[in-house]
Amino acid sequence: MDNGIGSVDRPKAVRNGVVACPAAFHTSSPAPTIPSAEATLGSHLARRLVEVGVSDVFAVPGDFNLTLLDHLIAEPGLRLVSCCNELNAGYAADGYARAKGVGACAVTFTVGGLSVLNAIAGAYSENLPVICVVGGPNSNDHGTNRILHHTIGLPDFSQELRCFQPVTCHQVVINNLDDAHEQVDKAIATALRESKPVYISVACNLPGVPHPTFFGNPIPYCIVPRQSNQMGLEAALDATVEFLSKAVKPVMVAGPKLRVAKAAAAFAELADASGYAVATMPSAKGLVPETLPRFIGTYWGAVSTSFCVEMVESADAYLIAGPIFNDQSSVGYSFLLKKEKAVIVQPERVTVGNGPTFGCVMMKDFLSELAKRVSMKRNTTAFDNYNRIFVPQGLPRESEPGEPLRVNVLFKHIQQMLTGDSAVIAEAGDSWFNCQKLKLPDGCGYEFQMQYGSIGWSVGALLGYAQAAMGKRVIACIGDGSFQMTAQDVSTMLRCQQKSIIFLINNGGYTIEVVIHDGPYNVIKNWNYTGLVDAIHNGEGMCWTAKVRIPTFVHGIRKLASLVKADQSMDGAVAYAIQATCEEELTAAIETAKGKQDCLCFIEVVVHKDDTSKEVLEWGSRVGTANSRPPNPQY
């Protein structure tokens, strides 16, 4: 994804560890001088964030980061988005990075840092460059043996840093200004190069202090792209072509690391050139077009798209690009793949069968060059076989008038809502499986957090993704249990005048936990969710909430239509909260939401607690079995 850093195709000059665009060194005039009032650490950090493509920083104020926030606000190209808590700020930076290529959040020392830590760990697991900025203690307090507030009561201030070390690829603690510009630049460059989060701690008394290193505009910098070793690339291509040429019915499978390798286009190029049938792992949904001519669906072991698993696991060769094989993606380690049949392409290495492995081979280069080599020997056998056995999936049975709403009916209507200007956010739970079955039009975005699977992620991620993807209307599918964890930042969506559509699926508990291992702890207190949204909106702008029920729903919808007409000229954010209990009500609610393009729409969908997809039942039983394996004998 383009992250706004500029061209990375030309050789770059290097200065102080920062990669600079060549034009910066071929100018006859000196760099413009920045006024002393703006030549500060806070201003430098803000300018760097803007330069790499960050327009919004998700923040929670605290006494250690207030001065730093002043400088972020003062940067013309930067908007500070105040969140309700640090966890959601981190989730929002995660969602923003998915849409824009890089995200940022700003919190205070320890109480804020440890609160955002869970979200940063999730971004690390999903290979997302998130810049986490923390306002730290006064530089004079380090090494003084003092005990500060917001800490655990020890004079050692390194606890927060030590907690961040395992979940970030680079950490800096800025306690003086002499090398602060280099520390900031190196941290941001590392985040972009590694596609992982970084931690930047800034002493609370330093953001506004001028320093000579900030008096000139920072040298524009770009990230040097990693280059393939040409001999290794050629050897990997030779071995792969020989391997694939012996296969009768090869297939291709897209994995989630296509994102970090920036190789989605190269993967599609190879799919077109080779003629192979194409599937995606569930966590790669949305990374490659589902409109590819030989796309056969999601490969997810026993819960795959119909007929997809048969084609993949019966193939005599499979090229899998950027996979992550864990217990959830493999459905309790129940994949029927064989290593000797696989070409595994990771971002920087290729493994052919049981060996050899070729290092220093970039996925993007490898897939593009392989497309050229296999184009003369196209092989559509696997897809031809798929066409022979494929039976179109049936539609849900028609609902009776007034019949309680079913989940499969809900997702039938969500499918009809999708366009190239849409995006889908799927929360952990049954929405994972129902959203996997959606067929994405060209240009339709899709995001969910599978590797980390943090329940509640979607609310903050929706906030960040929608803030970055202003041209898309984002549709979020969130369970009631997940929503209860992070609901507060619906208020931030309203403050930002976002126009997403939230489907709150109310089935009374943690369904995904129920199918793994049930117990009374999976049942939650029911909320008046539409009333909550009304309370959050608090009459600012306009909020319309209703619980439309049979037999009065027709009157209610007519009243809604008249209200929408009356509100066309009103300014301010608008939230619609609708509780749907049957298909007729759902259809009317969706039509209203589609017609009102400039507001946030919240549609509560009430379904039976046991109404789940067949896939989550199968997946849950297999994952539960894997979790409950007895311990190996101890000798």
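Just so it is clear, glycine is given a Cβ too, placed from its N, Cα and C backbone atoms.
Under the heading domain 'Thiamine pyrophosphate enzyme N-terminal TPP-binding', TrEMBL lists 40-144.
What TrEMBL lists as domain 'Thiamine pyrophosphate enzyme central' is 238-354.
Summarising the annotation, TrEMBL assigns domain 'Thiamine pyrophosphate enzyme TPP-binding' to 450-512.
TrEMBL lists Asp480, Asn507, Gly509 with the feature Mg(2+) binding site. Take the CB of Asp480 (Mg(2+) binding site) and look out to 10 A: across all protein chains shown you find 24 other CB atoms.
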Query raised in the report: Using the Cβ centroid of Asp480, Asn507, Gly509 as the reference point for the Mg(2+) site, which residues of the same chain not in that list have Cβ within 8 Å?
Result: Gly479, Gly481, Ile505, Asn506, Gly508, Tyr510, Thr511, Ile524, Lys609
Query raised in the report: Going by DSSP, how much of the domain 'Thiamine pyrophosphate enzyme N-terminal TPP-binding' (40-144) is helix, how much is strand and how much is coil, in residues?
Result: 51 helix, 22 strand, 32 coil
Query - Counts of helix, strand and coil residues, the domain 'Thiamine pyrophosphate enzyme TPP-binding' (450-512), according to DSSP - result: 30 helix, 14 strand, 19 coil
Query - Within the domain 'Thiamine pyrophosphate enzyme central' (238-354), residues counted as helix, strand or coil by DSSP - result: 39 helix, 25 strand, 53 coil
